[in-house]
Structure formats: structure tokens, C-alpha cells
Amino acid sequence: QDEEKWDFVLVSGIHEVGSEKEIKRKKFLDELSKKGFTIKKIEDEKLFYGVRAPKHIFQKYQWLLGNPDRRLQTLDVHHAVPATTRIRLVNFILQNTVTPDLEKLRDLMKKNVFEASFPLHEKEEVREFLKERWARWRDIFCQQPLEKIRCYFGEKVALYFAWLGWYTYLLGIAAAAGLVVFVAGITMFSSSQVSREICEANDTVMCPLCDQKCPFWLLSDTCTYAKVTHMIDNEGTVLFAMFMAIWATVFLELWKRQRATVVTNWDLYRWDEDEEELAMELINNLQHEPRRYQHSYFRSTVVLLLVLVMIAVLIGIAHALVIYRVVAVALFTQSSLELLREHANTAAVVTGAVLHYITIVIMTKVNRRVALYLCDLEKPRTFSQRENNFTMKIFTFQFFTNFSSLIYIAFFLGRINGHPGNYVRIAGRWRLEECHPSGCITDLFIQMAIIMLLKQSISNIMEFLVPWIRHKLRRRRQRPKKRSRMLGEEEEPEDPCKRQWRSNYDLNEVNIFSLFDEFLEMVIQYSFTTIFVAAFPLAPLLAFCNNLFEIRLDAIKMMRLCRRMVPRKANDIGIWLQVLEAIGILAVIGNGLVIAITSDFIPLQVYKYTYSPCMLGNSTGLDCSTGYINHSLSVFHVQDFEPHTKVPKTLPGFVRGEIREYRDYRNADDYSYTVQFWHIFAARLAFLILFEHVALCVKLIAAWYVPDVPQTVKNNFLDRKHKNLRKELRWVMPRGAC
């Protein structure tokens, strides 16, 4: 029959008759036949086996679970069962069918008995609609057809796109706010009193930035950099950081409401995953005994220790990046290129950021293997439990991979390097790098900008190009063989299934991690968008633009470039919601620390309200930050340089004597911290506690104010319960009663 429909296709190489692989393949197919499966064989360059399950399997499923798919509109006319349910159930049986040799399909694929197993992209109305109305770049601003996605790919994929669409929609608000803050900073580019003082500091001589070939220099040399710093580091940044903390909470609360509405429409709100898995186990094997819940403290302790070891390795890699930057600054300052010597710090930051991106790409692959190994050690009971355990581990590893270097720049750079005459050094030779004299926040801005741009641009290009090129190459490689075979067999009509199965096989392979990878990519992006957003207000805008393309890119991959995913039933995004909530808390802590420690906001406010002309009663219309730069510099005596430091020549017009050091509060005689330093330290600590408590209180109020479940959903369930109870009551009421 031309319109025969097959649930799954197994692909095998053409093995020698009587070989071990051929015998194992026959045993597996025989087991399927015993279960009533219809199997069709087509021979091409490979052996294709079409598999169709018997009707009684689906009747059992609907009977056991009370037909959970009864509200799904697009039923398969041949079997009266949704195609997504058929594929999911057949895949479960295929994966759990055991041969007499106690081997499952997974074991046979590892031994190359079978090369692939996949459901087919059918030429049906839903697929054509999705290809034309969803998986196209021209539909980038159009609403997604979630119901159609659900009917074709299942609930888990539909919920991913529902979440991604909702996240992108609300990112538009955060992107607009971040853009306003950034534009407001640009308007202050030349008007900031602090940057104006730096630009006018023509008589302030600063200490050399390295030990050997670096000269004394004037503070005014950093005029442009200072303007850029204060374009980012201003009062608007504090408000934006608070706004993003509230935004993250409201986003998650509104998503919970959106999710409740969506899954209620799908009649899955109270769906039980364990019950479904047990039902499928019994359908596959009536003698199946459920696997018991177990917990081993010894195994958990071993896994925890290995996780800590892995985190230590990732932090060690971050330290290696720090050492690279230290050595790079030392080498760049001794370069024969004048441009490189003058901008040694900036060059080290930029190249360090690129190197950080490369380590992220490499360690992502390593992290995956380690996380899978640790999951195998834990021996989870179900696939869902394994997926949750894997998610937590891979996210933890990826978080440290992506953010260890940023945490160092934000909170340690320039704060643990000592002072002139007593620098902290690596291996007693290279002194730790300092922040730029205009502040540390610009270094963090540059690092985040480079990593986000590289991750989003290169990753998206590779994510699309690699499957596209691979698909084209596979199709081109198969064409000549097809033609020669067709010419040699002109007398036989070609089986209508052959071309369809062949074209599906030529598509890119998908696996259980295909959707997981998309989620992980978006959650890491969400971390960048929220945790250090105080230093990079454009992060939400970059994420918003990226996601507009990401939605269509994922759609095109799924519909045109990859084999059909095995549909999975779900009623939420799983453990990812807990991960997002944890990121929301980290965002409050991270942004509070950035403003309190990295930013110049607190020292400037302490100066304004304690030491400025306004407080001394000398203000005659002056800006209260007047004199802040001079107040934040410390005096250093040239004769106190370390012995191995090569003291450079004095700048023309200046006398060898006192040289000022920027961004520190130390006494001129013994270089101990001044009273002002402790005032600022106390203010930083007070602000951090106040900011985090206020932000967390606002988050809690927002979570309380926005209910997780809309009242319409609650009322629907209330009406349904009431209706069912009335129906039950009719059976026990005596005849003639009203």
C-alpha cells in the first residue's frame, strides 16, 4: 500500500550471512515479531527495517491510562491514536526489548549491529504547515503554533518552544530598559565630573604599570577610557540591577502561569510521569517488577567528592587564565610595537577573553563526559531521574566554566595585587595585574561583551552550518549510488517507502540530548543576562536579538535538517525551573557584589556625603563629586620601589619625588590603609546587605503577588470535580428523588 505508515525504521549494515552481527540482528527482530510487530525489509546500500506495532498495544495503553490523549485533535486516521503517542510507545518497547543474549537495542547499536533507529518525518498536513509557517526565517516575528508543534513533536518540545518564546517576549522589556540605561550613560560620556577631573589631571604622575620598560605616566592619558568607564558605571546601573532582579522573578512567576494555562489546555496538568512509565513497562512485559527507590550514602559521597574535584579543576583553569593575563601584560609591555606597549592591559584583557571562550568550547565537551560518568555511578531509577541528575551536574560544571574568570575579574582583579614597593607576585617574578586606573568595571564589560558576542554568533553559525553541510554531503554522496541502482533495476517499480526511508536516514542524527543542549544553551545565556548585568546593560538586548533567530534556527533544524525527535510527554520544563530560580538568587547576589565591590558607586557616594566640598560647607554651586579623584589617590615615594624594579626616567617638567597611585587609600609613611578605606569598606558591606535584602524581599513580594496558577485554571478544575461528583451521586440516589 502506498499510504502504509510505519512507526519506526531500523537501519543496519549488510552483514555476511551467518556472521555474529547478522545472528544478533535476527534475534532482535524475532523478539519484535513475537510481540506482534509487523516488520518490512528494504535493501539499498543499507538494510532498512520498517516497524509497525500491533493495535492491541495502544488499546492497552489507552485502557491503563484512561486515554490521556482524548483531547488531542489531530488523530492518526489509520489507528485512532495520536502519532506522538505511537512513536513514544514503540520507541519505549524497542529500547526495552531484550534478546536471548540479554542485549537491548542500545547494546546492539554500540556493537554496530544496527546503525540507526528513528521515527519518520511523515508527509502529513501538520508537518507541511510547520515547514511553511514556522520553520522559515521570514516568520521571525510571528507567533509560534504551539498546538501544531505539540501534535508533531510532543509536549516536551512544545514546552521548550513555549518557554523560549515567553522568555524572548519578556526579554524585550529588559532589553529596552538596558538600552535606555546605556544611552543615558552615553549622554554622560563627557559630562561626568569624575571623568572630567581625570582628563584635566595633567600634573598627576602615576606609578609604572610594569617592572622593567614601563614609564611614569600622566593620569590624563586615560581620559577616553575614563569616559567609557563612567558611561557604564553610574547611578542608572544600580537601578537597572534592581530592575533585573525584579524582572527575573516576574518572568518566572508569569511563566508558571503560562505553563499552567498551556498544560491545562492539553489536559496534562495532573499527569503522572511515574504512572505512564509503569504502564509502558507492563505493556512491554507483563512480568515486569518496578525498580525500587534506593539511596546509597557511600555512592552519594563519592559522587559529591568527584564533583568537588571537577569544580576545583575548573577553578584551576580560571587561575591559568589569570596567569596568562599576568604573563601577557609583562610580555606586551616589553614588545617592540609601541601600540601594543601602550595598550598592554587592554590587549591582555581582549586576548584573555578570546582564550576564555576557547576553554568554554573545549570544557563543554569534557564536562558532558564527566557528568554522564557521574550519573552512571549514581544508578538512577528512571530516565527522568537520570536526566535531572545530569542536568544539575552539567549546569554546575558549565557555570564554573563560564563564570570563574568573570568572578575573578569582578571581585578579585586589582584587589589582591598589593601596592608599589610590595606587589603580590606569581612565582616571585610576575606581579598580579591591576585594574585600569579608571576602574575595574570596564574590564568586566569587555570580557562579557566578547564572550557573549562570540558565544552567540559563532555558536549559532556552527549550530546551523554544521548540520546543513553534513546533510548536503550525505545527500550528494548517496545520489550516484541511487542512480546506478535504479538504472540496473528499471524493470522493477521502486518501493514507495524506499525513497522516504532513505531521505530520512540522510538527515542528521538526533539523540536524547538534542533538546537538552538547546535548554542548556538558553539557561547559560539567561545567567549571562542576569548575574553580571550591572556591568553589561546591553546583555538583555544581545540575548533578545539572538533568541529571535534561535527560535527559527531550532525550528529549521528540527523540520528540515534533522531526523524526527522521539516525542516525549511532559507537563513542565522539569528541573530547569529550579535552575532558573537559583540563577535568580545568584543574580541578586552577583549584581549586589558588582555594585558594592567592582563599581566606583560606593566610594563616590561616601566621598559625596562625607568628604566633599558640599559636606564641608564650601559648596558654591559646585558638583559634590568635585575633588573625588585627588581624594582617591595615594602618595608613593620613588625610593621605596623594590630592588629589582627598574625605575624609569622622570617625565619632563617633573621633579623626582612623590608619585601618586590611583585607586587606593593608603598612608604616605607606612602604606597602611587610611580611615577613608575603612569608611568605604563599611559602606560597601552595608550597601551589599541592604541591596540583597531589599531585592530578595521584592522578589518574594512579586512571587506572592503573581499567583503561579491563574484563577481560570483553578475554576476549571473546580467545575470538573463538581461535575464528576454530581455524576457519581446520581448512581446512589433513590429513584424518584429530585
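One-based numbering along the chain as shown.
Glycine residues also receive a Cβ, built from the backbone N, Cα and C atoms like all the rest.
Predicted, not measured: the structure shown is a model, and the values here were computed from it.
Features reported for this protein in TrEMBL:
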DOMAIN    82-146  domain 'Anoctamin dimerisation'
DOMAIN    149-716  domain 'Anoctamin transmembrane'
TRANSMEM  157-186  transmembrane segment
TRANSMEM  237-255  transmembrane segment
TRANSMEM  301-324  transmembrane segment
TRANSMEM  344-363  transmembrane segment
TRANSMEM  394-413  transmembrane segment
TRANSMEM  526-549  transmembrane segment
TRANSMEM  575-598  transmembrane segment
In terms of Cβ proximity under 8 Å, which residues at least six beyond the ends of the transmembrane segment (237-255) contact it?
163, 166-167, 170, 173-174, 177-178, 181, 185, 530, 533-535, 537, 540, 577, 580-581, 583-584, 587-588, 591-592, 594-595, 599, 601, 691, 694-695, 698-699, 702-703, 706, 708
Restricting to the same chain and to residues at least six past its boundaries, which positions have a Cβ under 8 Å from a Cβ of the transmembrane segment (575-598)?
237-238, 241, 244-245, 248-249, 252, 255-256, 387-388, 391-392, 395, 410-411, 415, 440-441, 444, 519, 523, 526-527, 530-535, 684-685, 687-688, 691-692, 695-696, 699
Top Cβ-contact partner of the transmembrane segment (394-413) among 157-186, 301-324, 344-363, 526-549 (pairs under 8 Å):
301-324
Distal contacts, the transmembrane segment (157-186) - CB-CB under 8 A, six or more residues away:
143-144, 146-147, 149-150, 230-232, 234, 236-237, 239-240, 243-244, 247, 250-251, 254-255, 258-259, 262-263, 515, 518-519, 522, 526, 529, 533, 537-541, 543-544, 547-548, 550-551, 554-555, 558, 565, 567-568, 570-573
Would you kindly list the residues that approach the transmembrane segment (344-363) from elsewhere in its chain, counting only those six or more residues past its ends and only Cβ-Cβ distances under 8 Å?
209-210, 314, 317, 321, 324-325, 328-329, 332-333, 335, 397, 401-402, 405, 433-434, 436, 443, 446-447, 450-451, 454-455
For the domain 'Anoctamin dimerisation' (82-146), report the average pLDDT of the model, please.
90
Within the domain 'Anoctamin dimerisation' (82-146), residues counted as helix, strand or coil by DSSP:
33 helix, 3 strand, 29 coil
